[in-house]
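**Q** Feature table excerpt (TrEMBL):
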- 40-314: domain 'Fatty acid desaturase' (DOMAIN)
- 7-24: transmembrane segment (TRANSMEM)
- 36-58: transmembrane segment (TRANSMEM)
- 70-92: transmembrane segment (TRANSMEM)
- 151-173: transmembrane segment (TRANSMEM)
- 194-215: transmembrane segment (TRANSMEM)
- 221-241: transmembrane segment (TRANSMEM)
Amino acid sequence: MTSMLHLISDLVQLIAYTVAYYYFSNLLESPIYYLLQGVLFCGYVFIEGFTFTGLWVLQHECGHYAFADSPLVCDIVGYIVGSALLVPYFAWQKSHAIHHANTNHMTRDQTWVPQNVQPIPSNNPAQKSQVDKQVEMKPKSESSLSAITDMIVMATIGWPLHLVLNVSGPYPIKFTSHFLPSSPIFNSRETLKIYLSNFGVIAMLFILYQLFQIYGWQVMVTVYVLPLSINFFLLTSITFLQHVHDDVPHLDEGEWNWLKGALCTIDRSMGSFLDSKLHHITDTHVCHHVFSKIPFYHAEEATKAIKGKLGNYYRDETDKSFFGALFENLKNCVALKRNEKFRGILWWDH
């Protein structure tokens, strides 16, 4: 019931922000108010994008069966909300489950899997691990321009690329896509679910086409396309920052276990208001990986409870600005390094 109230609240906010935007926009039609119109437009797209992302977080809760006691209710709500945000719900649910089961594993995780490892200097090829052999060597760090370019890609096409081509996923054995039942992410028993996910996205695209015909491109770009773009950017940037940090290692097969992987996460903050808008997916992520079925509305109190128990194994960086941390990590967290003593634990090298 609590989760459903949060869903209703987000939907009401979605409508209220739109009504308020067009009401005040009509009041500011005079050319002398162009500046205020621009501020109003940017503010609307920004807050609506965060509201879209709040809805995405609720479908994410459905994917974990943490939204309601009934798995069927979770899947129905998750499928409808996810499809409305162009998420192939059941396909994403499966790949996300793999991510939680293999967090920060060098070859089995599903998101932000590093493809660049600085190998141990050696003349003996046999000493190189499978990971060392499969990656292409790149510089240890990027220029500021490259980091900014990465941010732009992340802000625009990063999330669609992940869904369509599994970009940021593990080193590909074969072509992988969330829309393809034959992808290595899925097994044959899940084929129907993948087609059902595809149908949901296609149905939403058809609905959007009809709405574009009725209301025109200006309205639809304002109320859907741009907020959805904010949503895409937040999904990629938030998940990147939750698993990429100087103090967060990646682990090879010999060192990895589920608990170590779950603790290779870091809590971030976007400020109390935005954290609340996002149902605290940013500032309670460590807890979420350790106890993924805790309802999101209990995550804050659960985080407070586990901090003392985890001690130094709990990581957060809530005092650093979100965009500052994003730029810094995109620039510096490019190549992993290993050493002779701890070969299976890889840290960012810069």
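Yeah, the Cβs are placed from backbone N, Cα and C, and that goes for glycine too.
Nobody curates TrEMBL annotations by hand; they come from automatic prediction.
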**Q** Should the transmembrane segment (36-58) and the transmembrane segment (194-215) be scored as in contact, given a threshold of at least 3 Cβ pairs under 8 Å and pairs 6 or more apart?
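**A** No, these stretches are not in contact.
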**Q** What same-chain residues lie close to the transmembrane segment (7-24): Cβ under 8 Å, and 6 or more beyond its ends?
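**A** For the transmembrane segment (7-24), the sequence-distant neighbours (Cβ-Cβ under 8 Å, at least 6 residues beyond its ends) are 40-41, 44, 47-48, 51-52, 54-55, 58, 77, 81, 222-223.
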**Q** In the same chain, who gets a Cβ under 8 Å from the transmembrane segment (70-92) while lying at least 6 residues past its ends?
**A** 7, 52, 55-56, 58-59, 61-63, 163, 178-179, 185-186, 190, 193-194, 196-198, 200-201, 203-205, 228, 231
**Q** Could you give the mean pLDDT over the domain 'Fatty acid desaturase' (40-314), rounded to a whole number?
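**A** A mean pLDDT of 89 is what the predicted model shows over the domain 'Fatty acid desaturase' (40-314).
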